[in-house]
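> Just dropping this structure here.
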Amino acid sequence: RESDHRAWTPVTYTVTRQNATIQGLIQGKAYFFRIAAENIIGMGPFTETTKEILIRDPITVPDRPEDLEVKAVTKNSVTLTWNPPKYNGGSDITMYVLESRLIGKDKFHKVTKEKMLDRKFTVEGLKEGDTYEYRVSACNIVGQGKPSFCTKPITCKDEIAPPTLDLDFRDKLIVRVGEAFSLTGRYSGKPAPKVTWLKDDIVVKEDDRIKIKTTPTTLCLGILKSVREDTGKYCVTVENSTGSRKGFCQVNVVDRPSPPVGPVIFDEVFKDHMVVSWKPPLDDGGSEITNYIIEKKDTHKDLWMPVTSATVKTTCKIPKLLEGREYQIRIYAENLYGISDPLISDEMKAKDRFRVPDAPEQPIVKDVTKDSAVVVWNKPYDGGKPITNYIIEKKETMATRWVKATKDPIFPGTKFKVPDLLEGCQYEFRVSAENEIGVGDPSPPSKPIFARDPIAKPSPPVNPEAVDKTKNSVDLSWQPPRHDGNGKIIGYLIEYQKVGDEEWKQANLTADSCPETNYKVTGLTEGLTYKFRVKAVNAAGESDPAHVPDPVEVKDRLEPPELILDANMAREQHVKAGDTLRLSAVIKGVPFPKVTWKKEDHEVSPKADIEVTGVGSKLEIRNTVHEDGGMYSLTVENPAGSKTVSVKVVVLDKPGPPRNLKISDVRSDSCYLTWMEPEDDGGSVITNYVVERKDVASAQWVAISSSSKKRSHMAKYLMEGTQYLFRVAAENQYGRGPYVETLKPIKAIDPLHPPGPPKNLHHVDVDKTEVSLVWDRPDRDGGAEITGYLVEYQEDGADEWTKFQTVPMLDCVVTGL
């Protein structure tokens, strides 16, 4: 019975054997079977199959696989492919078994992996030069079928075939803009070649428009919506280890041209026609311009009128114009592929304009050297006739007459190098244009220029260094740059940077604020460390910076005072009375020392002007007098020490009066004067003394000596009995000092001597209280009459004499004894 039916169907024949063949079954259906034994008595019980039986052909091992082929051979591998067997034995193929045999051996060896169902396999790890043959078997649920026919013996070696290239395109290809094009072909080679596409020797890369497709045997480059930039020489290279092949194609993507290049130039303008010109299009569309189409339009109308459509020149005569009307011109370019957009001119009035050219604009002067300059100008309106020449004139700025720079014609260029300038002079230039009508007005003069070589930026300053510092400032010094760039150094820019910062700060804002090669950077913070750099500046700009080699820590630097004496501080300073006394010295020291001036250890006179600067001190006394002389001292002191210098100041003046004027040895006709030198010689050697006398009855002094160097003088030629006064003054190289006079006059008489002693003194009478004495006249009266005799007495044993009285006669009574 069928497995899905319940009714049993008898088989149509009776068997006596223990087996039977049942026919008429339907393939693919499942059946149950039962069988019973029968004898003459009757039929016994049925015995059933325990499970259903599916009707199908019997299962065998698969047939042998077909078409075993060698696809690739290298020195150490073989790649094989095959097709399945025609009959799989009634069951699906579960795997393939690939076997190989080394030629010279008897046995085949299995080389495939377990459960391999692919029909392609590469046997690797072979030895170069060995020869193998291969066979393959298929397996199903029953088992492994017969092996395929063996391959031919295969020797392991690289298969080599040079590339071949078969292209579907010619050497040249023309494509319209917007259209697509492709370059295709076929190639072969062993090993498989590499395919490379180049355009104008640059590798082509894929993008939205450019597509590259390469299969093992075909190649293709396709470009969608081509543009003008796709024009170029394309090259495909097919290359493997044995060589390469190349194919070329010049692709020209063509389009209509771009518009002609303006502006439209009105070369000539007349009352009934014009001549215009223009420049060809920047892009001719990849095809030669075949002609230009020119049209004109009266600006009062909207209608464009054709002029010509058959010219290849870039100039055209526009005829049949109405005088006084304004016209516009438009121009198209045409090639094989179309007509460009138009170029439209400015408006131009049709009228005769035959006059000299306009004056050019102010010319520009550049590239100035010490003996030449290049003058550049713009072309002016030509007055309706083409310009045939330009005339350049030059003059020195302070001069009044213009001189032609050259006699040679200058055309068509609008620049000229003027030669033969004088170095250092200032020049102006002007330009005139000339056409066949004549020479036009000159341009405004150029800006004045000096004839000198151009200025370049200077080189950096040399050897910048920090020469001094305080707790908030640093003094920098440097040397000028080696090269000033042919321009005067305006000054220097100083910059500083706190160590660790990136930003440089400016110590001075403008270069002219530091024209010298030193600068004090102030406003710094005590204790911080700074870097410094200096730039030189001329008219051309700033030099590169020169750096102070080491960072500087800002703090007070202790240096003991130092005095550098000026010439007026020599050990002894002479100054003429009435002149100005100046004492000065350069002072150094950190911090700057305290300055003290003294005279003889006292304060200096209030009339002295004392000035103290950051580098020194000066003492000044105007209209000096003798009292200003003396020992002056300058003391400088700071925490590091002190220093004192002294200078003796001598104020050179007339001497003082002589001292101790005395008169002796008075005679009737002479007397002898003596004196001592003045206490003050005025700072200069006494050269001589002046001696004068005066009769007391006269008002006039009379000089009796003016050249004596001695401190005494014999006054002669006096008149006897006359009373005289005398005076003496000292002279030095600065003049005559004051006189010293005698206190009282002297009379010119011979001198008086004391008389001689009285002679023959004896007593003539003696009493208890008195004694009478007598004597004789002395031998000499001393030059004058004796006026009396002095009587003295002495008690015996006493030391002193006692005056009694003076008597006129030659006797005397001494009483009171």
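Heads up, the Cβ atoms here are built off N, Cα and C, so glycines get one too.
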> Would you please say which range out of 429-454, 455-480, 611-636 has the annotation region 'Disordered' in TrEMBL?
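Of 429-454, 455-480, 611-636, TrEMBL gives region 'Disordered' for 455-480.
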> So what's near the region 'Disordered' (455-480) in sequence-distant terms, Cβ-Cβ under 8 Å and 6+ beyond its ends?
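Same-chain residues near the region 'Disordered' (455-480) but 6 or more away: 486-487, 489, 492, 494, 496, 517-526, 530, 532-549, 552, 554-557, 590-591.
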> What average pLDDT does the predicted model assign to the domain 'Fibronectin type-III' (1-58)?
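The predicted confidence over the domain 'Fibronectin type-III' (1-58), as a mean pLDDT, is 85.
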> Out of 1-58, 64-159, 359-454, 561-646, 757-817, which stretch touches the domain 'Fibronectin type-III' (657-751) the most, going by CB pairs under 8 Å?
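Answer, by Cβ pair count: 561-646.
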> Could you give me the DSSP helix, strand and coil counts for the domain 'Fibronectin type-III' (757-817)?
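Its residues divide into 0 helix, 29 strand, 32 coil.
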